[in-house]
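Sequence annotations record features per position, and here TrEMBL assigns signal peptide to C:1-19. Taken from TrEMBL, the feature domain 'Cupin type-1' covers C:29-174. Feature annotation from TrEMBL assigns Mn(2+) binding site to C:HIS77, C:HIS79, C:GLU83, C:HIS122. Here TrEMBL flags C:HIS79, C:GLU83 as oxalate binding site.
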Protein chains: 6
Amino acid sequence: MNNLSYFFVLCLLATLSHAIELDFCVGDPRFRGEKTPNNVFGNNVTLAFSDVFPAFNGLGISMARLDFAVGGVIPVHSHRTSEVLILVKGSIIAGFIDTNNTAYYKRLEVGDVMVFPQAMLHFQINVGKTPATAFVSLNGANPALQLTPTALFAGNLPADIAQKITLVSQKEVMQMKRIFGTA
Amino acid sequence: MNNLSYFFVLCLLATLSHAIELDFCVGDPRFRGEKTPNNVFGNNVTLAFSDVFPAFNGLGISMARLDFAVGGVIPVHSHRTSEVLILVKGSIIAGFIDTNNTAYYKRLEVGDVMVFPQAMLHFQINVGKTPATAFVSLNGANPALQLTPTALFAGNLPADIAQKITLVSQKEVMQMKRIFGTA
Amino acid sequence: MNNLSYFFVLCLLATLSHAIELDFCVGDPRFRGEKTPNNVFGNNVTLAFSDVFPAFNGLGISMARLDFAVGGVIPVHSHRTSEVLILVKGSIIAGFIDTNNTAYYKRLEVGDVMVFPQAMLHFQINVGKTPATAFVSLNGANPALQLTPTALFAGNLPADIAQKITLVSQKEVMQMKRIFGTA
Amino acid sequence: MNNLSYFFVLCLLATLSHAIELDFCVGDPRFRGEKTPNNVFGNNVTLAFSDVFPAFNGLGISMARLDFAVGGVIPVHSHRTSEVLILVKGSIIAGFIDTNNTAYYKRLEVGDVMVFPQAMLHFQINVGKTPATAFVSLNGANPALQLTPTALFAGNLPADIAQKITLVSQKEVMQMKRIFGTA
Amino acid sequence: MNNLSYFFVLCLLATLSHAIELDFCVGDPRFRGEKTPNNVFGNNVTLAFSDVFPAFNGLGISMARLDFAVGGVIPVHSHRTSEVLILVKGSIIAGFIDTNNTAYYKRLEVGDVMVFPQAMLHFQINVGKTPATAFVSLNGANPALQLTPTALFAGNLPADIAQKITLVSQKEVMQMKRIFGTA
Amino acid sequence: MNNLSYFFVLCLLATLSHAIELDFCVGDPRFRGEKTPNNVFGNNVTLAFSDVFPAFNGLGISMARLDFAVGGVIPVHSHRTSEVLILVKGSIIAGFIDTNNTAYYKRLEVGDVMVFPQAMLHFQINVGKTPATAFVSLNGANPALQLTPTALFAGNLPADIAQKITLVSQKEVMQMKRIFGTA
């Protein structure tokens, strides 16, 4: 997740006179302002998961803001929760692939919504002529996001294993690892 | 829910050659365009729950768009799911009340997020000088939304029972029922 | 919840020689004897939730005893769990309101049972000529009970917000806050 | 479950104008009146599970009334849900056994409550000089109740298998099957 | 569970640079080699539950290896999870009993699979002429296994209560307690 | 899933005299005998999920048998459930990748067990000199298995989208699609 920017929150701890099991805090994750995509994918992902935003603890829900440069992409990824996306700026193609290897994808305009079933591979691509912004919500406080390309090529998985389990050629695996600085 | 506007979706039914248990559809709930508040509360709520948007069936998540006139309000309400809100236009006060009768509320600006714990009473008020728009997501496909004032005074609950269980005066109960046309 | 009486339990901590994950205790929440309603609602609610009765921790169930004076009422309330009620003394009207603002209510006699769906507003009123007693059980160890009138008018929610989100008149809001001593 | 008496309910089917996913019915399972124990165990168990009381469908909770003759017993049994018991007449010993073979049992008087963890063997014995009555609630609409003695000896399980898997002697197995009329 | 052999695991604690909520460990529960049945039942049960194998914590799954001497048996037992069994050596009869006291049992050969529904009593008997081995998996990290005969007769449950709640004769109860050394 | 062999089961439908909600069937998914790997990956996967083995319906558990040719591999894949693996023949490397792109992998010998957390990418490679066989169990009746390479390159996902969301070169994408016959 080294390509994702985190944010920090001030959590106003409530003084609950009889509090035993409940702890609430009023969140303010500052999705405010411009978010400039500055990584290899041309995206900027601002997470509001329970690890960075404690207000979500125990509530079974979380959120993220997705900003796309022109041509930017959220590469194929998955997580254990379902996801719903609302596009608020620009125009993107969003899609997912089901267990029969069938891809469902669609061009979205501002105001459009798309749902991604839990644990299915999915992706978003900015196909408009301007930057794009979307908000997504996930039905879990800590969705366990896994980006497929970085999981396979940007970490400590040896190149020979990566090649064997993906069928990608040795040359291409090394090219991928060079992209992510792990060659 | 007579004060809420529904939307309809075209659901592209996928042709799954080996489909046995899975049925997906690509949603397009058209949160597009302007939504004009035109009810007594000064709001316009566009729901994308599983009853009107079948793509959510079985996925444990849903969404709604909230539009506020100047001074508009989403009256106090609750549902069995948690909710997260992102404000995309205007300025509102959002809040909830916990089981110790303590209210947590905060003025939100564009880009701010707030979380509402499941089943707790909560509300939103447009306190800015312009219309406001927010998107909310809920961690359930059919959240079972219940607006407190309409539940108590806009349905078939007899006035004498309403009075007895709310401690509100008889005169005020009748005034409320007049507002909702059930006096 | 300042209008509810708590009880305390002696929890016999078991000496489990190999205990690693399990801790049981044999509960004795003393629902015994007479319970005298002495609050503004004419009720006496004795809770056996996990915060006061640790034996319920992790078991997904809890209980309460409801005692009603003649004319007493459990005001409209909700919680995130479902509830089942058995009447053991007297005669009451019990009911709930669904998401279409439809109220379902019924006069119960001794031995009658009623079910209240999770998170739906519900209530009980003693309509007999004697005190009444009921036991309720809830499918959660900590149901997060919220009484609607006290949530809105007996806590720290400002009067102007309460008025705005309920449509109740300013005069009536102040009258309610006087009832609960928060004006 | 041939030793349990069922009851039938009239379910007032609500006419919901916009009903799509919700169906409620107001239950009246008639736990009213006297229940005479008339089986080999000296008990009378009146169930309000979802199979006989449809109002419980989807609500995750159910109930039963237990009546004991003097000396009557609910033999050792288990179910996949947790259970809470409230004694309303007489005096009983109730208990359960945990995964370390440790038994927790206690004499209960009127008003006492006891909790039984899900899937653990448990039992109740009337040890008073009068009939006894208790109500139990379970956190599941269909708890899948299994009485150990009848499961092993009152059904179609062959005697030689029963003997092998219980270590009970052949003679005793046959005696048990004679009690249940399956020898 | 005094008749079950435990195993210990070396858990390679991962050094996660940004770990906040996740802790994985790579398990090696050593189901390797021969397992010699040496108890009264003629079995050897090697558990990989979360209490002895921390890698299962939070993952909702666990495993066990069952070894049977010739004529060996896993006595009737239950747990709060479902179970699936695969036979890899020998020939056994496996079965379960449902809530109508109907037993379902079947002779299994190497490669056969059987499913046992959650909380239902079930058993396995080696009916072949050689030792047998099976692996089972359970959909919970800590299934709360309860062997019926040892729960009733090998712990601290008094003989008179055991007799009363099982209908087994006093003489047989004492014989059972002698088998387990608790007479 | 076109590279997976299915099996069929005879399901002995029980005649339950009072059956209302329960339907059991005794499974026999015939994991018996040799399974010859004959696909591009050098594996043979025999599934016992609820879609092909109805006995698993509603029980929250399923199973699969994995057979590996020498050098065979189960390519990187994921599913919404957790998985536990027991190796019964040969020697394999099994591993998974977590949300920090850290790979955990280990050489397993006969009798070794490994756990794969829900929704995380994982894989198995036969690194021994003989064929290998493992059994896996999953804590869901229909785990929604998704093989990453076939999801991306063996279905209807257009090559240009595949390239964009994986960062794999155009040439390599076409090579992959040729492997799967979708170029």
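Every residue number used here counts from 1 along the chain in the order it is shown.
Placed from the backbone N, Cα and C atoms, the Cβ positions cover glycine too.
Any TrEMBL annotation is an automated prediction that lacks curation.
Apart from the site residues C:HIS77, C:HIS79, C:GLU83, C:HIS122, the chain places the Cβ of C:SER78, C:PHE96, C:PHE116, C:MET120, C:LEU121, C:LEU138, C:PRO143, C:LEU145 no farther than 8 Å from the centroid of the site's Cβ atoms, the recorded Mn(2+) location.
Secondary structure at C:HIS79 (Mn(2+) binding site), as computed by DSSP, is coil.
Ranked by how many other Cβ atoms sit within 10 Å of their Cβ, the binding-site residues C:HIS77, C:GLU83 place C:HIS77 at the bottom. If you take the C-beta of C:HIS79 (Mn(2+) binding site) and look for same-chain residues 6 or more apart in sequence within under 8 angstroms, you find C:GLN118, C:ALA119, C:LEU138, C:GLY140, C:PRO143, C:ALA144, C:LEU145, C:GLN146. Taking a C-beta cut-off of under 8 angstroms and a sequence separation of 6 or more, C:HIS122 (Mn(2+) binding site) has the following same-chain neighbours: C:VAL76, C:HIS77, C:SER78, C:GLU83, C:ALA94, C:GLY95, C:PHE96, C:ILE97, C:PHE116. C:HIS122 (Mn(2+) binding site) falls within a strand when secondary structure is assigned with DSSP. Across the range of the domain 'Cupin type-1' (C:29-174), the DSSP-based residue counts are 22 helix, 56 strand, 68 coil.
Contact annotation for chain B: of the listed binding-site residues (C:HIS77, C:HIS79, C:GLU83, C:HIS122), C:HIS79 place their CB atoms under 8 A from a CB atom of that chain.
Checking the binding-site residues C:HIS77, C:HIS79, C:GLU83, C:HIS122 against chain D with a Cβ-Cβ cut-off under 8 Å leaves C:GLU83.
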